[in-house]
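Take a look at the structure set out below.
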Amino acid sequence: MAAPGENMRVNADRLWDSLMEMAKIGPGVAGGNNRQTLTDADAEGRKLFKRWCEAGGMTLSVDKMGTMFATRPGTDPDALPVYIGSHLDTQPTGGKYDGVLGVLSGLEVIRSMNDLGIRTKHPVVVTNWTNEEGARFAPAMLASGVFAGAIDLEYAYSRKDPDGKTFGDELKRIGWVGEEEVGARKMHAYFEYHIEQGPILEAENKQIGVVTHCQGLWWLEFTLTGREAHTGSTPMNMRVNAGLAMARIVEMVQTVAMENQPGCVGGVGQMFFSPNSRNVLPGKVVFTVDIRSPDQAKLDGMRARIEAEAAEICEALGVGCSVEAVGHFDPVTFDPTLVSAVRKAAEDLGYSHMNIISGAGHDACWAAKVAPATMIMCPCVGGLSHNEAEDISKEWASAGADVLLRAVVETAGIAE
Ligand code: HGY
Ligand code: MN
Ligand code: MN
């Protein structure tokens, strides 16, 4: 019998089966998932995760943002827990692995420790953060942002989805308002395992991303006010065309991002026209600009330039323009000790690995504000994510989970 921890690997088949089981909940239309936060599908996924955690001997606690914390006790009840977290909510046309891989790999770490008879000094807690995606209720990483004290609970409860439903009402409707104060619990360390959602690891043929940093983000929500008018009978020189202003701003965002290369991105993923009728010039256009960079000065410089040039574009067209920052976090540097634990685990396991900066935002970015935190990444096919065709291999999935298991056990300490 190997000493506890010697043959420390997860059960790859069991992890894969759990991923495929969860993927059946909130199916998309093209093989992915539409399990948006606080929908009935989200509630069903939560129930399944709760059942699995309890079957694994864990106890569940829920906070006032609905975030789920499943605890496996350690031998030292006074020791702060080591957390493993990510999210079960998906984009409307999401993949089966974004977020879910991290939560279910955390569960697999617990299941594997149970199988291997490993007892740790620090407790280990697996976390499902509410509303990581920010697709239905902006901003992204909402619950972890409240947990880190960066976002106010009442503000979070007030956020509205496109149908005007509030976060607070929807959380109550699905029955997942917990008792626990958000952010009351303290962490010894936080790990998040996630697909890369970009092309680098696959292109470099590396199994493991040792995540050292995450780029920062601004979500700038523009509201442009034009004049509703007939698209046929209104002469061109009489138009107050908010749609044209929006088009010029989207083009300008592209220009600003390209002029700030390398190391930044900018684009628009969502826009609303009102009244959104084919033969009515829009009276109102609302859209969100998403800009990101690992460089703080570049990120903030892009924001300032985009807001200034958008105002000029709108003024020239006589279009009203207001902008609100509806999402933000600064670039993140992850904890060097935990980053080294991840790198050592990959080396001990003989997995190819490289340092990487996360392009996407994650709950780990907020966790890093209140505890030592870091991330592990695995490749994804073609770097594709936020697309139902998002794909990974079972081998990629379990390699990262093996690294997670070893890094967590190393950090939580094997009890004598
Ligand atoms: O937007 C992001 O980076 C994350 O997917 N919520
Ligand atoms: Mn994610
Ligand atoms: Mn995502």
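In case you wondered, yes, glycine gets a Cβ from its N, Cα and C as well.
Summarising the annotation, TrEMBL assigns Zn(2+) 1 binding site to His87, Asp98, His194. When other Cβ atoms within 10 Å of the Cβ of Asp98 (Zn(2+) 1 binding site) are tallied across all protein chains shown, the result is 26.
Annotated Zn(2+) 2 binding site per TrEMBL: Asp98, Glu133, His386, in sequence order.
If you look up TrEMBL, you'll see 215-314 marked as domain 'Peptidase M20 dimerisation'. Across the domain 'Peptidase M20 dimerisation' (215-314), DSSP assigns 40 helix, 34 strand, 26 coil.
Of the listed binding-site residues His87, His194, His386, the Cβ environment within 10 Å is emptiest of other Cβ atoms at His386.
Among the binding-site residues Asp98, Glu133, His386, the residues whose Cβ lies under 6 Å from any atom of ligand 2 are, in sequence order, Asp98. Listed in chain order, the residues near the Zn(2+) 2 site other than Asp98, Glu133, His386 are Thr90, Gln91, Gly94, Gly95, Gly99, Glu132, Ala135, Gln197, Ala360, Ser385, each with its Cβ within 8 Å of the site Cβ centroid. A straight line from the CA of Glu133 (Zn(2+) 2 binding site) to the CA of His87 (Zn(2+) 1 binding site) spans 8 Å. For the recorded Zn(2+) 1 site, residues His87, Asp98, His194 set the reference point as the centre of their Cβ atoms, and the other residues of that chain within 8 Å of it by Cβ are Ser86, Tyr97, Gly99, Val100, Leu101, Gly102, Glu132, Ile195, His362.
Contact annotation for binding-site residues (Asp98, Glu133, His194) versus ligand 1: Glu133, each with CB under 6 Å from a ligand atom.
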